[in-house]
Amino acid sequence: MFGAFVSHRLWSDSGCTTTCITNSIANYVAFGEQIGFPFKSAQVFIAGPRKAVINIQEDDKVELLKMIVKHNLWVVAHGTYLDVPWSRRSAFVTHFIQQELLICKEVGIKGLVLHLGAVEPELIVEGLKKIKPVEGVVIYLETPHNKHHTYKYSTMEQIKELFLRIRNTRLKQIGLCIDTAHIWSSGVNISSYNDAGQWLRSLENIHSVIPPSHIMFHLNDAATECGSGIDRHASLFEGMIWKSYSHKIKKSGLYCFVEYITRHQCPAILERNLGSSMQLQTALTAEFTTLKSLLK
């Protein structure tokens with residue numbers, strides 16, 4: 001279930017004006033076939049990302065659904081950076097998130113990723129209660145990156161506390177998006193196979209609270225030190241999490257994450273947004289070649 005973030009800025013043909021998301025996905029699928037790694041998943045923006053504006057056009061909706069069905073792709077949308085239903089602007093935000101969820105349903109997108117805030121679990125649950133569930137579309141709460149806040153949602157205790165509240169409130173269609181760069185930035189050491197294994201075993205111990213069917217991953221290395229609180233992604237084995245394991249990859253924490261992802265069939269997205277299409281494809285070719293070797 002491995003794939004990547006598909007930015008239409010970097011993936012669509014020049015001059016594309018109406019079906020740019022579909023065009024981007026078509027080019028992305030062709031690229032996966034070219035490098036010998038057929039993609040099973042993808043992540044897109046259908047709105048924003050920095051403004052509350054829907055940016056998928058009607059023609060694009062029709063063609064995107066056809067593309068997703070044709071290639072049997074699991075696609076998730078990332079919410080805008082304003083999608084914070086536990087904020088002071090919650091009424092407007094909730095309405096906008098509802099629009100995004102309905103569009104996801106319409107075009108065959110399976111989920112919407114929202115950034116978790118560094119706030120108490122009860123505030124998050126109250127915000128989620130304002131959103132009407134849309135059948136077949138999961139809201140994935142993404143682990144945040146922070147250094148000083150009490151609630152980082154990078155430890156299993158805090159993740160369990162949050163999802164117990166979600167379950168006890170009978171909220172439906174809520175999942176977890178684990179960003180490896182974010183939990184590292186928040187102080188969780190996942191560099192070695194043993195370190196990552198300890199964290200992932202703790203995750204497996206709470207599958208009764210948050211099942212793997214509702215877990216996805218953002219599989220990123222990080223350009224900053226553990227506990228920095230800074231969100232800066234790097235290519236796999238090029239950042240500070242796993243670079244020291246580039247010549248012993250099966251002893252790395254990344255290999256442990258790959259094992260968990262394949263064992264439980266979780267979607268995993270590489271989030272890269274480099275300066276040019278050529279830079280991006282060069283980086284992804286190296287990363288997916290490495291992943292292919294880990295999947296043997």
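Cβ coordinates come from backbone N, Cα and C, glycine included.
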Listed co-binder of Zn(2+) 2 (same site as His115, His218, source Swiss-Prot) among Glu135, Glu142, Glu238: Glu142
Please identify which of His149, His182, His264 is recorded by Swiss-Prot as part of the Zn(2+) 3 site containing Asp231, His233. His182
Disulfide-wise, see what Swiss-Prot says Cys20 is paired with, picking from Cys16, Cys104. Cys16
Just checking: which of His78, Glu142, His218, Glu271 have a Cα that is within 10 Å of the Cα of His182 (Zn(2+) 3 binding site), counting only these binding-site residues? Glu142, His218
Cα nearest Asp231 (Zn(2+) 3 binding site) among recorded positions (Cys16, Cys20, Glu271) -> Glu271
Between the Cα atoms of His218 (Zn(2+) 2 binding site) and His233 (Zn(2+) 3 binding site), what distance do you get, rounded to the nearest Å? 10
Spatial neighbour of His233 (Zn(2+) 3 binding site) that is closest, considering only the recorded positions Cys16, His78, His115, Glu271 and their CA atoms: Glu271
Fewest Cβ neighbours within 10 Å, where candidates are the binding-site residues Glu142, Asp231, Glu271: Glu271
